[in-house]
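Colleague: Annotations for this protein, taken from Swiss-Prot, read as follows:
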BINDING   154, 156, 157, 158  ATP binding site
REGION    1-84  region 'Domain I, interacts with DnaA modulators'
REGION    84-109  region 'Domain II'
REGION    110-328  region 'Domain III, AAA+ region'
REGION    329-450  region 'Domain IV, binds dsDNA'
């Protein structure tokens, strides 16, 4: 990269970072690379699914940087992984092609090609799991073996498993890789037992370079001791030959109660990492990414509203977008307002429809009356102990009892940021679990509001 190219690219990144939220920047911009600037055309390498975001949101950034560095209007040519690899192959370098993929008849990897590290949204709740997964993909069998990823459903464990496999396969098309759920491993074991072909099963799994097992907790069943024995031997064969093993579970190794102790011990030989539900910023980034797949306009307040409604896992967010798409297509509308989104997701919300008819002002008034403070004080910045508690309780109830997004709630509390509302909500939620008197106070206020 020439000096001007480096200056230009640094300026693009600087401007992008100043305009985007951190989680959005990390996902859409961080991994992009400038290949060259030639004849006033910047060639930028990025994941293909991110091109639309760049076209919509970063065109002005590139124009600004272009005029600053080259005193010219810079056009953009986006190239994707496939383009670069084809170019490398023409230069005699090793690369991944569909033909190379098909030259591995001995092992069907069963990887899902749509999952990669590039399209995995990172946040504080999964950063260590992502870092460990990338480390394993870069040096399989040497860094963390096994890698054990645990967390609730819909948080990205399967995505990371496939991303590891796809990354390894990209670097080494001849790698023997197998992705399989523990349930399917059990099914294969039963079939081979019935057919008296256990040697085939052993050859299939014990000669792998990378074994990716999803939902290993399914193996923890006392009635399947024979399956545990086979997996134990498979694990040993791979580990002894420095072949990488990655496991996912909905619980820690120590909580796999029906699994043999010798397996649990081996699962803890390497690294155990946890994935927790995404925070608000990460959910916004996930939605910003996912809506690129839909031909609708999602205003920012709608995105933030949706991010505030589902805080347990990514699947709920994906399901909500499908519900919205169905309603929007039926009504033949292009722009998804908060009202349309609320109507579409009402049946999906785990706790049922919230009481959208309750004004936030009513909540503030009842909370203020209970704690002896005014609504004006609740909305202001004064931080005496009684006012702070009343303010946080009011925010908590606004989140619990209405469909309003976190930013909308913050606006009703003197223009506060959504992160302040989220902090108040989490704080009161935790306090309720520890302070019975506070729980009773809040229930009393809720009954008055209803």
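Placement of Cβ uses the backbone N, Cα and C atoms for every residue, glycine included.
Here the structure is a predicted model, which means the values were calculated and not measured.
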Colleague: Around residue 158 (ATP binding site), which residues of its chain at least 6 apart sit with Cβ under 8 Å of its Cβ?
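Modeller: In sequence order, the residues whose Cβ lies under 8 Å from that of residue 158 (ATP binding site) (at least 6 apart) are 115, 214, 248.
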Colleague: Per DSSP, what is the helix/strand/coil residue tally across the region 'Domain I, interacts with DnaA modulators' (1-84)?
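Modeller: Reading the DSSP string over the region 'Domain I, interacts with DnaA modulators' (1-84) gives 50 helix, 16 strand, 18 coil.
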Colleague: So if I measure Cβ to Cβ from residue 157 (ATP binding site) and keep only same-chain residues at least 6 apart in sequence, which ones fall under 8 Å?
Modeller: 149, 150, 151, 214, 248, 275
Colleague: Judged by the number of other CB atoms within 10 angstroms, which among 154, 156 is the least packed of the binding-site residues?
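Modeller: Ranked by other Cβ atoms within 10 Å, the binding-site residues 154, 156 bottom out at 154.
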Colleague: Using DSSP, what's the helix, strand and coil tally for the region 'Domain IV, binds dsDNA' (329-450)?
Modeller: 83 helix, 1 strand, 38 coil
